[in-house]
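Presented below is the structure to which this report refers.
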Amino acid sequence: MGRRSSDTEEESRSKRKKKHRRRSSSSSSSDSRTYSRKKGGRRSRSKSRSWSRDLQPRSHSYDRRRRHRSSSSSSYGSRRKRSQSRSRGRGKSYRVQRSRSKSRTRRSRSRPRPRSHSRSSERSSHRRTRSRSRDRERRKGRDKEKREKEKDKGKDKELHNIKRGESGNIKAGLEHLPPAEQAKARLQLVLEAAAKADEALKAKERNEEEAKRRKEEDQTTLVEQVKRVKEIEAIESDSFVQQTFRSSKEIKKAVEASEVKHAATTSGPASVVADPPSNEKEIDPSNIPTAIKYQDDNSLAHPNLFIEKADAEEKWFKRLIALRQERLMGSPVA
């Protein structure tokens, strides 16, 4: 009998629950939506409570208490309905929020990251600036080369035009003159051109002589350096003996004096023959000249002033011929 009564009680209880659910399903749907929007913070608590109630093992005492509450007061049923409707509404709002968050995450994933984009754009812009700067430098170099070439071409053209203009001006200037004066003017121009050519040749010879002299000086400096090194080695050696100092200038003067004496003896009578000066032999200090000697013949004027007039004119004529040859042929006058 106890079992049958408990079965009937359970059936009646399940029927009541179904009725309550049907009634509350229509009325509480709108309330649950508004209530879930206002109070979304209590969702986790009600959910945990409902889950804990469902998971707890049901006993006879728990069933009796529940029956007593439902039969004694209808407030519990209304509270139950409200809590269920709230949990449903909250579940819907949670689903909506979750779907929104998922869609946001999908959008954020689908969108390219701004940092990576900015880095790639910075790299590409850096590469572009590098390539642009290189192109600018290349263009500048090409422009400079073109300008230099144009300047050189302009200078060559100017020189060519100047030469042409000079020849044209000469011809135009000589046209109005008589033939004799034209010949004189042309001869004068030829002489000027020859003089310019002679000056150019002389300058070339001077440059060559200077180059030779520099080479000789370099060679002499090398010889002097070797001699200096040997002298230093001799001084540093143990067999070195200190001697009195003699300057090289005095030795050079003595050599020059001996050369002058040798020239004087050769110009004198042929019977007198002087020995050639030897640089290796030591020169006596008595032979070194200490004063300047002048070759004075007690003459008040130069001997050319005492030449006859015909001889002087002849010499002057020869001098003019030599100068003319120098201007025409470019050969230097002796």
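Just so you know, glycine gets a Cβ as well, placed from its N, Cα and C.
Taken from Swiss-Prot as is:
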- 180-225: coiled coil (COILED)
- 1-13: compositional bias 'Basic and acidic residues' (COMPBIAS)
- 14-24: compositional bias 'Basic residues' (COMPBIAS)
- 35-50: compositional bias 'Basic residues' (COMPBIAS)
- 51-62: compositional bias 'Basic and acidic residues' (COMPBIAS)
- 78-118: compositional bias 'Basic residues' (COMPBIAS)
- 132-166: compositional bias 'Basic and acidic residues' (COMPBIAS)
- 201-218: compositional bias 'Basic and acidic residues' (COMPBIAS)
- 1-179: region 'Disordered' (REGION)
- 201-220: region 'Disordered' (REGION)
- 259-284: region 'Disordered' (REGION)
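Counting residue by residue with DSSP, the region 'Disordered' (201-220) contains 20 helix, 0 strand, 0 coil. For the compositional bias 'Basic residues' (14-24), the DSSP counts in helix, strand and coil order read 11 helix, 0 strand, 0 coil.
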